[in-house]
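J.: Provided herewith is a single structure, encoded as structure tokens, for subsequent inquiry.
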Amino acid sequence: MKIPVMEVFGPTIQGEGMVMGQKTMFVRTAGCDYSCAWCDSSFTWDGTGKSVSKQPQDIIEELRQIGGESFSHVTISGGNPALHKGIGELVDLCHENGWKVAVETQGSMWQEWLRNIDDITISPKPPSSGMITDFSKLDFFMENLSSANASLKVVIFDEEDFKYAEDVHLRYPAVPFFLQTGNSDTVTTDDARLVKDLLERYEWLIDISINSSIMNDAKVLPQLHTLVWGNKRGV
Ligand SMILES: C[S@@+](CC[C@H](N)C(=O)[O-])C[C@H]1O[C@@H](n2cnc3c(N)ncnc32)[C@H](O)[C@@H]1O
Ligand SMILES: Nc1nc2[nH]cc(C(=O)O)c2c(=O)[nH]1
Ligand code: SF4
Ligand SMILES: [Mg+2]
């Protein structure tokens, strides 16, 4: 079954969340059921990018062609990869090649192939995104995942987002929880200004997390790839 692919790139490092720093390839799928105000990958769903429908086996060839022998980990992101049933076959083929597979999704849609993923990051969206979390869907998603290696990661722009993150963490207390700095300017090429702004936002996020007893076991992280490469695509 074909998968609409926006880009395949790497090796790079995972710049976010539970396996930050892990060397990985990326497969970015097209399409999203959300439209977050601050989406840093809006080209996957707003019509400005072009996707190509590919068979899983062809994506494997492309990964090998681009990454050579220099990787053992593949991250599938989007858009929302959970829109696509065909990813199940891609995941199996990656495993046959001895590669681990991670997925980034917002937890709004379930697919059976998610059970086979090595690291799953679920990133429910706070109020600043303009999206409203359907907690019955997220509950269903989290219940299905119960035995998997999963983590929750919430992007924070303001105090209201932080309150939302506290509620999510309290709702799923057993799931490792990550807070992530929001990037408020996903188009600038002024890296010096961007990095300064991101570090200030990271410091603010550390400060409010330190003062929250609910966040005693949360991990507070920046987006490492934006600090290193700014808003550049394909890294
Ligand atoms: C582009 S999304 C694709 C996967 C999935 N749709 C999701 O949102 O989880 C990948 C990750 O980037 C995060 N992200 C998107 N825009 C961001 C921004 N402006 N600043 C910080 N993180 C952002 C999302 O929250 C998500 O964790
Ligand atoms: N290096 C790097 N790390 C990432 N972590 C999550 C990403 C994503 O866009 O899903 C991403 C990305 O695009 N690049
Ligand atoms: S859910 Fe993810 S890909 Fe979709 S609009 Fe939001 S940040 Fe972008
Ligand atoms: Mg990204």
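Quick reminder: no glycine exception, Cβ is built from N, Cα and C everywhere.
According to TrEMBL, the protein has these features:
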BINDING   ILE13, GLN14, GLY15, ARG28, SER77  substrate binding site
DOMAIN    19-231  domain 'Radical SAM core'
BINDING   CYS32, CYS36, CYS39  [4Fe-4S] cluster binding site
BINDING   TRP38, CYS39, ASP40, GLY79, SER123, PRO124, LYS125  S-adenosyl-L-methionine binding site
BINDING   SER41  Mg(2+) binding site
J.: Listed binding-site residues: GLN14, GLY15, ARG28, CYS36. Which have a CB under 6 angstroms from an atom of ligand 2?
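T.: Near the molecule: GLN14, GLY15.
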J.: Which binding-site residues out of ILE13, GLN14, GLY15, ARG28, PRO124, LYS125 lie by ligand 1, going by a Cβ under 6 Å?
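T.: List returned for ligand 1: none.
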J.: Looking at the binding-site residues ILE13, CYS32, CYS39, SER41, whose Cα is closest in space to that of GLY79 (S-adenosyl-L-methionine binding site)?
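T.: When the Cα distances are compared, CYS32 comes out closest.
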J.: Fewest other CB within 10 angstroms, which one of the binding-site residues ILE13, CYS32, CYS39?
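T.: If we count Cβ atoms within 10 Å for the binding-site residues ILE13, CYS32, CYS39, the smallest count is at ILE13.
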J.: Cα-Cα, whole number of Å: SER77 (substrate binding site) versus SER41 (Mg(2+) binding site)?
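T.: On Cα coordinates alone, these residues lie 10 Å apart.
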J.: What whole-number Å value do you get for the CA-CA distance of TRP38 (S-adenosyl-L-methionine binding site) and CYS32 ([4Fe-4S] cluster binding site)?
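T.: Their Cα atoms are separated by 14 Å.
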J.: Can you give me the average pLDDT across the domain 'Radical SAM core' (19-231), rounded to a whole number?
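T.: Looking only at the domain 'Radical SAM core' (19-231), pLDDT averages out to 98.
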J.: Using CB under 6 Å from any atom of ligand 3, narrow the binding-site residues ILE13, GLN14, GLY15, SER123, PRO124 to the ones that qualify.
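T.: Result: none.
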J.: For ligand 4, list the binding-site residues among ILE13, ARG28, CYS32, ASP40, SER123 whose CB atom is within a distance below 6 Å of it, in sequence order.
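T.: Correct list: ASP40.
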J.: Out of the binding-site residues GLY15, ARG28, PRO124, LYS125, give me the one sitting nearest to CYS39 ([4Fe-4S] cluster binding site) by CA distance.
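T.: Nearest candidate: LYS125.
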J.: Neighbourhood of the [4Fe-4S] cluster site (CYS32, CYS36, CYS39): other residues with Cβ within 8 Å of the Cβ centroid, in order?
T.: TYR34, SER35, SER41, SER42, THR44, TRP45, GLY79, SER129, MET131
J.: From the binding-site residues CYS32, CYS36, ASP40, PRO124, pick the residue whose C-alpha lies nearest to the C-alpha of GLN14 (substrate binding site).
T.: ASP40
J.: In angstrom units, rounded to an integer, how far apart are the Cα atoms of ARG28 (substrate binding site) and the residue listed as 'Mg(2+) binding site'?
T.: 9
J.: Nearest to LYS125 (S-adenosyl-L-methionine binding site) in three-dimensional space, by Cα, is which of the binding-site residues ILE13, GLY15, SER41?
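T.: Spatially nearest to LYS125 (S-adenosyl-L-methionine binding site) by Cα position is SER41.
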